[in-house]
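Engineer: These came from TrEMBL, pasted as-is:
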ACT_SITE  H117  active site, pros-phosphohistidine intermediate
BINDING   K11, F59, R87, T93, R104, N114  ATP binding site
DOMAIN    3-137  domain 'Nucleoside diphosphate kinase-like'
Amino acid sequence: MALNYTFSIIKPDAFNTGKAGKIIAHLESQGFTLKAARVVHMSKKQAEEFYAVHRGRPFFGELVDFMSSAPCMPFVLVKDNAVHALRDAIGATDPAEAAAGTVRKLYAESKGKNAIHASDSDENAVRESRFFFAEADTI
Ligand code: RTP
Ligand code: MG
């Protein structure tokens, strides 16, 4: 059975322009429930570790610099089939290609500064939740 929670981050572009509340309200209106949340200014090392799967990709350095440039807001959301549901709700990586009504269409600036991260598998949702939260905070 699919995991009933997933992991997300309001990225620095959205968090530092006051969009966190609007994005969370938007997701709550779609049936997601907030389970845990923090505000974190990641070090470069933390950002490299979090996005280690992308090491070697052409955008890796830019991504790490961006994610460690200012505070962001990691959070855990609960919903049935949460990983799939949140990927649908955030839209395509590039806001220009994101469907109407998705978080990235509504709030993102560009493919790099795209407002929100969402885990792409149940396995990664568990790993990424544990990166920022204790297990007791997420169950
Ligand atoms: P995320 O992991 O943040 O939820 O985003 P995603 O699955 O939609 O996209 P992914 O391919 O995993 O890429 C991770 C993040 O790297 C930045 N990126 N920039 N300039 C570029 O071509 C480019 N490609 C990716 C984005 O911030 C993307 O969300
Ligand atoms: Mg991804």
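Backbone N, Cα and C atoms are what each Cβ position is placed from, and that goes for glycine too.
No curator has checked TrEMBL annotations; they are predicted automatically.
Not measured: the values here are computed from a predicted model.
Show me how these features fit into the structure around them.
Structural biologist: The Cβ of H117 (active site, pros-phosphohistidine intermediate) lies under 8 Å from the Cβ of S8, I9, K11, each on the same chain and at least six residues away in sequence. In the three-state DSSP scheme, H117 (active site, pros-phosphohistidine intermediate) is classed as strand.
If you draw a 10 Å sphere around the CB of K11 (ATP binding site), it holds 24 other CB atoms from the protein chains shown. Annotation note: K11 (ATP binding site) sits in a coil segment as assigned by DSSP.
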Engineer: Within 10 Å of its Cβ, which one of these binding-site residues (R87, T93, N114) has the largest number of other Cβ atoms?
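Structural biologist: Going through R87, T93, N114 one by one, the largest Cβ count within 10 Å is at N114.
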Engineer: Return the members of F59, T93, R104, H117 (the recorded positions) with CB less than 6 angstroms from at least one atom of ligand 1, or none.
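Structural biologist: What lies within reach of ligand 1, judged by Cβ under 6 Å, is F59, T93, H117.
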Engineer: Could you say which of the binding-site residues F59, R104 has its Cβ with the most other Cβ atoms inside 10 Å?
Structural biologist: R104
